[in-house]
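Q: I am attaching a structure below and will ask some questions about it afterwards.
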Amino acid sequence: TIRPVRRSYYDPSSAPGKGIVWEWENDSGTWTPYDMDVGITIQRAYEKQHPWVDLSAIGFCYVIDFATMGQINRQTQRKRRVRRRLDMCLLVMSVKAAAGPGTAAPQPRKAAPAPPAAPKPPLPAVGPKAPDGVAVVRGSLKPLAAQGGRRQAASTPALSSAGASGSPPGVGSGKAARPGLSTLNRSHLQRLAIAQSRVLIASGVPTVPVKNLTGSSPVNPALAGITGILMSAAGLPVCLTRPPKLVLHPPPVSKSEIQSIPGISHSCRKTTKKQAKKGKTPEEVLKKYLQKVRHPPDEDCTICMERLSAPSGYKGPQPAVKPDLVGKLIKCSHVFHLHCLVAMYNNGNKDGSLQCPTCKTIYGVKTGTQPPGKMEYHIIPHALPGHADCKTIRIIYNIPPGVQGPEHPNPGKSFTARGFPRHCYLPDSEKGRKVLKLLLVAWDRRLIFAIGTSSTTGESDTVIWNEIHHKTEFGSNLTGHGYPDINYLDNVLAELAAQGITEESLAQEKD
């Protein structure tokens, strides 16, 4: 597959130009950086001392509140913490080009049993820009404790440069010096880097993951080995380790090990398009949820932004309702033009339900526009991280590509379905089974997925998640979509409630 790439330039006065990063706290309690364009928008509002910034103008339904340093989802009202930080410093180290005739390269040698005290090599220079032939390593540096430094000096192979002043060849050994790094092959460099890392780990030095240390390209392990040798020679507390592995799926499970879930009938559920209720006009539907207001309050209608005492400002297709009539929703008491509410209903799913545009209170049974598909669920004999006392509920969603219906963004146009089947995981606990039962209601009401634009790939007319988060990592939490996550079950219950799905919904479905 060939995809285009591009290089972006950011003004030095912008957030990335200043090294400023805005991050949000994910479900696992770790921090995830915003996309660059989002961070620039947030920083611009922050510098202008705005109390908050609405990200809907750039396609995200979030509001950033600078007073509380929080992110608020405008649809679910869920809040997350955000933070602003300066990016990590750049450590610059000079590295000579490929060795040739007459070019000296660092050479490893065995440490003498009692090496004489030698002056420490100078620390690498720190600067904003690295010239040609210079390796730049990004990291956070902490000084070694004195005891740790002594352990490292006693157990780490010392380094010398051929012909360097104050370090005559062959010190501490009567044998000839080993070949320079330029003559070592990939396997030698890799073994040397790993040995150096083990010594640093044993001495309590913080580790810095380096990707592709065992990759197929000889460049990555060579650079990793040289970097480790140079940094340890300078006395810097950094070692090379392999990054943690992404574990998306559990170990293989045979059919005989898969169990049905007690208290839940069947192990598979299909859904097709539900037809909207016919026989009632929008005016008849809304009449159940509204009270007429004879004397409108002196405030704006939050749909058309005109005064309630004036006619509706809606300019689209005109409903069969007088534009100056005003109604109040019976549960939340918010007031709108009837004209505006009928127009909003006609532009929605027309399923007999209504959601207050101000507080999101749901009237009736809300349904979505999820395409047809299949949902499977069962128990597998493996435990999730953080839930060692129970087995795991595995959910498998499968939605094929197809053609959009009249309720979708582009009726008659085909849509894609990337990443299916999608595997999701819940602990087989009492609360985990409760979440599953509510997810089944959400599936039947077509609220798990929707058709729209992917926030990950930017692809339009594709199947996307619909504001109900799922855990798709089984044995890790590198992306924030795995375990352990002590707050996940409570968070997803709140997201289901925001879609009108609670324990009361279970009784409604039985009825």
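Including glycine, each Cβ sits where the backbone N, Cα and C put it.
Unlike curated entries, TrEMBL annotations are predicted automatically.
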Q: Quick check on the annotations: TrEMBL lists region 'Disordered' for one of 100-131, 196-227, 356-387. Which range is it?
A: 100-131
Q: Between the candidate ranges 145-181, 293-329, 404-440, where does TrEMBL place the region 'Disordered' annotation?
A: 145-181
Q: Please spell out the DSSP helix, strand and coil residue counts for the domain 'RING-type' (301-360).
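A: So the counts come to 9 helix, 10 strand, 41 coil.
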Q: Averaged over the domain 'WWE' (8-84), what pLDDT does the prediction give?
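A: For the domain 'WWE' (8-84), the model's average pLDDT rounds to 86.
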